[in-house]
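Trainee: Per Swiss-Prot, domain 'SCAN box' is recorded for 52-134, and the stated evidence type is sequence analysis. Positions annotated as SUMO2 cross-link by Swiss-Prot, on the basis of similarity to another entry: Lys302, Lys360, Lys385, Lys524, Lys609, Lys691, Lys929. Taken from Swiss-Prot, the feature region 'Disordered' covers 433-460. Residues or ranges marked as compositional bias 'Basic and acidic residues' in Swiss-Prot: 439-460. Taken from Swiss-Prot, the feature zinc finger applies to 470-492, 498-520, 553-575, 581-604, 634-656, 662-686, 718-740, 746-768, 796-818, 824-846, 933-955, 961-983, supported by sequence analysis.
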Amino acid sequence: MPPGRWHAARSAQVSREQGCLRMVKEEEEDGYISMQTARPQTLNRPGQELFRQLFRQLRYHESSGPLETLSRLQELCRWWMRPDVLSKAQMLELLVLEQFLSILPGELRTWVQLHCPESGAEVVALLEELQRDLDGTPLKDPCLTQNPDVHWIGTSALQPAQIWSPASHLKNSSALEDHLETSHGIGICDVLAEQTDSPAVSVPDYFQLEEGIEYQEALTFQDVEVTFSQEEWGCLNSAQRNLYRDVILENYGNVVSVVGSSPKPALISWLEARKPWGVNICTVQLKRDADAAPEGGKLQIKPNKFILKQKPSEYIEACVKTSVSPETSVSEETGLKESFKQKSRLQTSCGDSIQMKEMKEGADISQRTGRESEVLRNNDILELKHVKCVSVSRKRLSFKHGYDRNFRKSSHHYNNKYGEGLRGTGEGFGVYQNTGLKENGKDRYGETSRKSWHAHPEHRQPSYSEEGLFQCRVCGKAFKWRSNRIRHEKIHTGVKPYQCSLCEKAFQRLSSYRLHQKTHSKQKRGSSKYKNALTCSLDVSHHLTDRDERKHLHCNQCGKNFSCKSYAIEHQRIHTQEKPYKCTRCRKTFRWKSNFSRHMKLHHKEVYKQEKRQEDFKQSYRQSQVISTVEKTFPCQNCGKTFTQKKSLIEHQRIHTGEKPYQCSGCGETFTYRSSYIIHMKRTQHAIKIKPEHGCLTFSQGAVFPIPRGSHNTEGSNKCKYCGKAFHNRSFLLIHERVHTREKPYQCRECEKAFRWSSNLYRHQRKHFLHKRYKYRESKETSNLQSKILIDQKPFWCQECGKTFTRKRSLLDHKGIHSGERRFKCNLCEKSFDRNYRLVNHQRIHTTEQPQWRDKDFVGIHARSVDQRKHSNTLQSEYGLHSDKPGLSYCQDVRLNIQELSGKLRKECDNPSDESSKSIAFQNVPTKKKACHKCSTCGKTFKKHSHLISHKRCHTKERPFKCIVCGKTFRWSSNLTRHMKNHVRN
């Protein structure tokens, strides 16, 4: 705000006392950052009056065109009406008040405007009160016929016709003069002589004119001077400030042309010297005491309360420029005004002393916003002494930017007697840095400061707002750190200091600039222009380091640059899908070392758990060995083996004695151990058939003996209704019925294929798992064809012949053909075979088994019924466990026992006299199973449904098996397998 008088508008002062944010301008060595507050939410009546008159007196010829005229009118009306603060009713009241004042007589309008009414009701109240004081005499305008209405000067360029003529006098002035008093109790003459709390436009000093005073003395520059409050000045933009500057200078020129030459005011000197919005003004702030009187009363001024908010050298320069006359006038907002003469001796920060002239009445020393300071009541010599010259470097601007810092009272920077800041001198002045603390230790928000900090820049306290954060002065966004707020406010200012010298594109942030430079670095790498591309108003060339120039490793696929070779190699793995880290235990591969290390930790945990289990097992085994050595008190006299229990010793001795105390009542078989006897009895029950006519059970050899009746009912209750097959468990019956109902309850979630048995579903799901496993892992030793075969329905593939298998066990058995390994060995002749079924066929030679045919029924090992096989297993288990012939294996014992059983059956069948035994003998001989699946085309029958489906392909000519290499189709899977071998060999 330019220096000038401050009018004490009550609303403006209330807004300042409420702690409105101030405009802060931070000047740096290379530039400054401007941070402006939001619009004040309070009213300033003088400012509104100014914009009202500007709005009314605007002429069309003053603008360059209709659009500019309209926009200017809209802006002036907005500042007059203030729609952001006032409501519609209040704005309407302003229009009515203006019209009401315009139709009043000149005398009454002048007197009413001195009271600054805010509404029409206040004007009516003032007029009625004045009319009562005049004993009912109605007020008339005596100047209506003689002189035009009084023009309020101070808003636009003054014309000679607009000057108040002193020749016009009021009628009945003697009667009216006794009653025209202000609300503060000050006479009208005193008000016009000393009033600084007047509206924005002052009234000419008509009432204090004497008869002998000349015409030119009726008008001064103070009458046309208009100032703003600090908040309103901060809300003005550059165009509005230019308008204010032009109007004030033009008014001053008109006053000089009419009145004559006079001392140039400080406001005019300041406006002519520099722009009002780009610099900091020399500031002398009066420290106001908490005991100050309210508005309108006298302010108790205490001496030694001035604080200079600027360096002494800057203060001297500003005072020399602005102080033209030796008279210096310092006034306070309340309108009290005194003159004083003082000598000031200022010493600069570097030690040079400068003698200033006497400051007399006439010049202004004001704040940067133009507010006048209070008059000193003493004539003491003003002496400022800067304690120390502080040199601020570019890297450390904390002292320069350290606003709102609290100083510790014990520090030499604080003096409780003379105020805050640097060390106080004899006259009580101290230079400080806007600490925001009052004399009583409270900050500007009225809160007591609890934290104290050193004045050193390294021990500064962050300046927080009322919410504890740094708020943006434009949009109100809060930040935790002041640097973030400054960075954010660059968005509102629109400053883009980082400019590219190649394409002249500008950026607000250095990070965006560096990203932009990468586009040029691909085209012109190594160019000298790249080093000098950072051009801005600030010195930020140190941001470009050698690290940016060292990025010479370039990826050909994605265009990324790297400064280190190891980073580039790791980046290439993304494109090549290389996984160099391989686990030696599970053969898993990894692309990054971190993933491999994380995976190895899992193995280490497993090994640790396994080792711990082994240690626990060894420890428990050692403890058991210690216990067993003590408890083993029953030794065997034949072999020396010891036992902990006598029962175990008795069972062991049966081996040496050959005792078999357990005998089967059905077949007469004896057993050494009770467990073997129980197993035999369970298996014997499966070999028993029910004889309906006698209610007895018939053994397969022909023996008949009674059994409990519950067995017949249990077996008959779980009988298949389709084929009549009986089951002991109902769950087995339900599983069996799926063969007839074709039900497939097990469905795959991935391909929705259904299966009848859960084992088939499990085998099918393994294909999906292997498909995912081998899909992205192609072995280096196999070709693309081999990898496709691995992904096929049979993932286990033989590398020798190309044959595929669904199970790994089948593949291992198949590999024995190529390797020549013979794992199946006969215990009698020590002959080995590569297949198990070949060993079984070979062992028939040792059993001397001769299959025989009787009519269409085959009696032998290949035609045994299920009951005979189960019974033979029972006999074999007893014979194999306790036989003295160590040379016979399990399979051989089964064949020998079945041979004896078959001999007995043949003898019974050869005897034609015994019809019952013949029927019993052939009762257990299985007949040929009937084919139940018939082809509807040719009438051919099949035992299995799968065979029927394969047969139908002959009629439909369907070829479902397709080669994934050449696309050839086949009818049978065996043909496709044979065909795939040719591709593998090629």
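Cβ atoms here come from the backbone N, Cα and C positions, even for glycine.
Quantities reported herein were computed from a predicted structural model and do not represent experimental measurements.
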Trainee: Do you know the mean pLDDT across the zinc finger (553-575)?
Mentor: 83
Trainee: Test of understanding: give the count of other CB atoms lying within 10 angstroms of the CB of Lys609 (SUMO2 cross-link).
Mentor: 10
Trainee: Quick check on the zinc finger (796-818): DSSP residue counts for helix, strand, coil, in that order please.
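Mentor: In the zinc finger (796-818), the DSSP-based counts are 11 helix, 4 strand, 8 coil.
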Trainee: Six or more residues beyond either end and a Cβ under 8 Å away: which residues meet both conditions relative to the zinc finger (718-740)?
Mentor: 756-757
Trainee: When the zinc finger (961-983) is classified with DSSP, how many of its residues are helical, how many are strand and how many are coil?
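Mentor: Output for the zinc finger (961-983) reads 11 helix, 4 strand, 8 coil.
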